[in-house]
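A short worksheet on the structure shown next.
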Amino acid sequence: MLTLWAAVLGRPFAKALAVTNLLTRLSAGAVTLALVLLVEHERGSFGAAGIVAGVFAVGTSVGAPFVGRLVDRLGQTPVLLATAAVHGAALLGLALRPSAPLGVLIALAAVAGAARPPVAACMRGIWIAMLQGPQLRASYRLESALLEIGFVAGPVVAGAVVAVGRPALGLILTAGLAALATAAFALLPPTRAWRPPARASRGVLGPLRAPAILSLVGSRTALGVAIGALQVAAAAYATAGGRPGFAGVLLGGFAAGSLLGSLTPHLSPSSFALLSVAMCAALAPLLLPVGLWWLAALFVLAGTPLAPLNAIAYELTDRAAPAGTGTEARMWTGTATAAGTALGSALAGAAVDGASARAAVTVAVAGAAVAAAITLMSRRAVTVAAATPLPAA
């Protein structure tokens, strides 16, 4: 896999695309924590901070498919530049006016979320235009690896910036990084050269009229529930063990396992159901009553199927999307995961309050089980999608 990644990154402008993509992932990973720290510091309320962060997440979920549809109709560069400006300005407004009425903060958070630049979805469209065969399939693993790096490093960067400066500084740097990295990505030659393919239909449902896309949206939502619950479970286990800071070690172990999984040989799209079941099975040992360091090892094990599962989901999305709806389809599956993560965090939080940390893991296992069940019940649609050629450049 490393050899294939080297070949992918050896293509013209590929390194610049990957670096700017990674920088936007870091910003995406940092923004929620930066928002929470800023609002809590200014208002002394985690409740208000949670509302603002939650509205940001809802805005992203609602806006993402529409932004994706704009890309499929207008092209990548104009939409990326416009969303970079609006997203960055809204975050900057939050950073500079944290003492504004809560309604103003909520409105700015909604705008910032809805205008989140669709860099990851655009990147996959560019890979399709640049690559073929094994290199294209390797790019899906690379995208999953970048996602994990952003997931782990983003909050660390945000926390470090806040620790050495004012809370507003974390959000200012996050906004600036998002805007500048997105603009740099948008102005690279492969991005400017990308043209929307002809649409098969301009129906209201867009890619959702494809059965496999509907199945993927459902399974990705359920998998998101598992991921969101796992984040809460890590914090709950660490707190119960008397070491709240150990939650970072647990989640870092999960991400490390996913990164290790991204290095395994490529699996065909037809193995999606098998990997979905494996994801559920890998989470189950987290229910065992073990110490924190053994639990960290189990978190590494739990993460190993995630990157291959994500990579195949990306590939199936591109295969199943009706002509001319690829970006919107990617945004639908991405926003489904994000929405599921928010739901999983809420369910797991309630479960921990009512029982224990293991209850949060039970929510995670249940989410993964539902994802596997959806995939198994829609095997026919997934099989058809797996046999569909990837879109041509």
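Cβ coordinates come from backbone N, Cα and C, glycine included.
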TrEMBL annotation (transmembrane segment) - matching range among 244-263, 304-323: 244-263
Transmembrane segment according to TrEMBL, located in which of 2-23, 46-67: 46-67
Criterion met for the transmembrane segment (46-67) and the transmembrane segment (210-238) (at least three Cβ pairs under 8 Å): no
CB contact flag for the transmembrane segment (169-189) and the transmembrane segment (79-96), at least three pairs under 8 A: yes
Winner by Cβ pairs under 8 Å against the transmembrane segment (357-377), considering only 102-123, 210-238, 244-263, 270-288: 210-238
Range from 102-123, 244-263, 270-288 with most C-beta pairs under 8 A to the transmembrane segment (210-238): 244-263
